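Just below is one structure, and these are the notes that go with it.
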Amino acid sequence: MGKREDIKKILVIGSGPIVIGQAAEFDYAGTQACQALKEEGYEVILVNSNPATIMTDTTMADRVYIEPLTLEFVSRIIRMERPDGILPTLGGQTGLNMAVELDQAGILKEYNVELLGTKLDSIQQAEDRDLFRALMKELNEPVPDSEIIHTLEEAYTFVERVGYPIIVRPAYTLGGTGGGLVYNEEDLVEIVTSGLKYSPVTQCLVEKSIAGFKEIEYEVMRDGKDHAIVVCNMENIDPVGVHTGDSIVVAPSQTLSDREYQMLRNSSLKIIRALGIEGGCNVQFALDPDSFQYYIIEVNPRVSRSSALASKATGYPIAKIAAKIAVGYTLDELLNPITQTTYASFEPALDYVVSKIPRWPFDKFEAANRSLGTQMKATGEVMAIGRNLEESLLKAVRSLEAGVYHLDQPDVNDLDKESLEKKLTKPDDERLFALGEAIRRGYTIEELWALTKIDRFFLRSFARIIQLETQLKENVGDLELLKEAKERGFSDMIIADLWGTSEQEVYELRMNHGLSPVYKMVDTCAAEFASATPYFYGTYEEENESERTDKKSILVLGSGPIRIGQGIEFDYATVHTVWAIKEAGYEAIIVNNNPETVSTDFSTSDKLYFEPLTVEDVMHIVNLEQPEGVIVQFGGQTAINLASELAARGVKIIGTALEDMDRAEDRDKFEQTLVELNIPQPLGDTATSIEEARQIAERIGYPVLVRPSYVLGGRAMEIVYKEEELLNYMAHAVKVNPKHPVLIDRYLTGKELEVDAISDGENVYIPGIMEHIERAGVHSGDSIAVYPPQTVPESLKQKLIERTIELARGLRIVGLLNIQFVWHKDDVYVLEVNPRSSRTVPFLSKVTGVPMANVATKVMLGKTLPQLGYETGYHPEAKEVSVKVPVFSFAKLRRVDITLGPEMKSTGEVMGRDKTLEKALYKGLIASGMSIPTHGSVLFTIADKDKQEAISLAKRFYQIGFSILATEGTAHILHEEGIPVTTVNKISDEKPHLLDVIRAGDAQFVINTLTRGKQPARDGFRIRRESVENGVVCLTSLDTAEALLRVLESITFSAESMPVMQ
């Protein structure tokens, strides 16, 4: 068939900001698609709202629009660009929904735009529950017995027919709010009632529960000529009942008999053919472990999180092939880019085991409900490759960077019998470690199977790990056991721990006996054909397949799994570094373990090592490759934390020297530097005990900001206003890290300003200054950032520029630098300095046109800024105003307080850019998912300290036609100011009260500022959660509310009566 010649211009829709359930895998898919289409000579137009992506780089498409992914804006782009075709299946759920909306609004028909790849009716057949069930019945494919109900009686009738347990899924609620598993009548009444209450159409789907069945996924591809293949099949270690995005997954499946494998394979191919999908598709099965009965759980007619995992697990580039199928190619016309000799119609074969473990945000959200169910909670994931299940699994565990290196977690080990068993029966993020502990306590495989329904094959594998632990403990220094432990994925650190010696000694013992890993290639064909790709994993075997070349090389450390505080921004910088290293004539080698990202695409670097980011794993690669040095500036805190350990082992760290990094990160050394440079910072001191903390706070005066030293994303930071709050914090936070003291600073109120700079040690170039809308005290990652600054006078800008240059020179920075200042009264004080790439690099690079990561890398490799065309100073400001708006995933995490503070909570970001601040903000807020009604009611519940400030906001809302609602205290003050206000009952008063108003949809905006004291039971917390769960915009910072008001004022007309004639 070949490619279609009748289309010239194609619009690709991205997936927008990173939220729980839709992470970096779509940047990887979108980037691949754009490259594939450009390769074929098509004109590519890309629209996406997320600036932290590689796909929104101007080199990726012919034209890039960073605009909100809404009907209004995408239609406008279609009108301007008039594309021939649109490719929505690479933009996740967002892209699919957009395509459906464009079609329903008649836009596609009006402008004659063809949907490429999977057709609309196929999308709807897979996505709509009723249509999907009908199709499965037609194909004779079993789906779980289910029914749609509107009353509790109907639920009883259903249970009488199928029996317990059942699953309740409310209609039109986000992420299964109100639903759950029902085991008995008591559950039934509670869950169905709550489900019907939460569903806006009072409707639930009840289905026979198949929790406990094996969950198996097939990743399939089909082309327009009806060729279909299975790229990869995967097995969830956690049985059905836990969302696949929250499950530990292995590929290929480990426990299926050949008959089961073929049965499910045939079924998945039959389904993709019946749906007429052209491209990639993911089919999820539930399989009864005791018979050949299976059910279809769901089908995703698009590239998904699983396809990113399948691509990295097999080396088969699903998104790239899907894009080519969309423009008419067939599988047997496309070469497999890994082997470059076989065709894409050849099913991949694996001679290794891949494990994926999710990374959850519970370290940031202590109060969140940690249990895992049908609603996804993980922010990211890690993947590891090994030659056996144990090796693969243990490598994945130590890739998580959650302070665990083995099936061993101190908190879990201290649990009593009852709590431990509860963790096994009701899964949460620590179940894997609970299994390890249970085996240590002597639980049998059968007992564990009864508690968890995890297949006995996996349980035996965990038991093998624990058994080896015991043998190591009893035989200190045994070389045979050491060899076996390394083959099974044990790290030196754990072996040293069991032997009571140091990691270094275990390492030396191995080196003396020639025990070090070899690197095997991922080649899609189990080494059947020769392969051209440089994609490797380490394992303890005989033959090494990774050859060192003659070219000088540089090793780049990636940033690991996506989590709050360390998002896709760092992967963006990593990819740019790799490209710059290649441009500078070196070989670029990357080490990373996140299957979702562009950096782990085998075509990004010259060599890719898919390995954990630990000292041991990185050192093995350094020993083999002998690079000129290692770059750690772009991998976030992950890479920075490895720097000193690597340097201690003689590795050259490229860029800012270690002792200079330490001068920026270590409190006392940093203060000394600031004093020498005569740059002011807020008063502060370091406390090592509770008593000392009390004295410091008393001396510098409340409010104070307290935090542990060395953190990313402000973990465990808090602003405290009085002594009892301080003592309460110290009791919880000093435990964060006893070796590291706690920092206590005077909390200065004022505007926060952020500066990114590039320095070669002498020359300093400043691409841009950003002004934060939220005052200091809200984490910079959770603030709306504006570029260029709108309210900063020229004289203050000069001061910022001078201080940034002095700091960069004073700290001898080589590479990137990020500084946060607070503008208090008439001066700017330094809050913190990060001697590395920061999360604003992608945003600033895009809005200023300065390729920051690229320039910084070349500087680190020895060029000076003037040689690259940059003199010391400030980059000319752009005329357009751009805003970076944070995006949160609160709807997916129940019990989490949404108040903004010094601890970061956002998972992603979007950008809005226009001629004025108001227009840019409108785009940014809309793109972040906020709905902005132009009339209705605003509910104020304000803390005493903010009441004066809230008056002017209420007045302005009233002037543009909003009704004002408020609780008694606030209402009284507004009334005195002559603002008409309706008083609403507090939660403790009789109904209807505050929460009823929010539930009934009678408030369009809720503005609620925090009353001190953090226990979630407080009214404020309930108000904020109720807003999130009912999709009402809730603002916890008056600054954000003011920004929203400016937008509303600019899009609504004022209605002022005429002045009275004199």
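Residue 1 is the first one shown; counting continues down the chain.
A Cβ is built for glycine as well, from the same backbone N, Cα and C atoms used for every other residue.
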Residue in GLN695, GLN798, GLN820 which Swiss-Prot records at the ATP 2 site where ARG707, ARG746, LEU748, GLU752, GLY777, VAL778, HIS779, SER780, GLU832 also bind: GLN820
For the binding-site residues GLU215, GLU298, GLU832, the one whose C-beta sees the most other C-beta atoms within 10 angstroms: GLU215
Secondary-structure category, per DSSP, in which HIS779 (ATP 2 binding site) falls: coil
Maximum Cα-Cα separation in Å among residues ARG707, ARG746, LEU748, GLU752, GLY777, VAL778, HIS779, SER780, GLN820, GLU832, which the record lists as binding ATP 2: 18
Other C-beta atoms that fall within 10 angstroms of the C-beta of HIS779 (ATP 2 binding site): 21
Nearest recorded site to GLN820 (ATP 2 binding site) by CA-CA distance, among binding-site residues ARG129, VAL242, GLU832, ASN834: GLU832
Count of other CB atoms lying within 10 Å of the CB belonging to ASN834 (Mg(2+) 4 binding site): 22
Binding-site residues: ARG129, LYS208, ARG707 - member with fewest neighbouring CB atoms within 10 Å: ARG129
From LYS208, VAL242, GLY777, GLU832: binding-site residues whose CA lies within 10 A of ASN300 (Mn(2+) 2 binding site): none
From ARG129, GLU215, GLN284, ASN834: binding-site residues whose CA lies within 10 A of GLU298 (Mg(2+) 1 binding site): ARG129, GLN284
ARG707 (ATP 2 binding site) and LYS208 (ATP 1 binding site), Cα-Cα, nearest whole angstrom: 49
Mean predicted confidence [pLDDT] for the region 'Carbamoyl phosphate synthetic domain' (547-929): 91
In the chain carrying LEU748 (ATP 2 binding site), residues 6 or more apart in sequence that have Cβ under 8 angstroms from it: PRO682, ALA776, VAL822, HIS824, TYR829
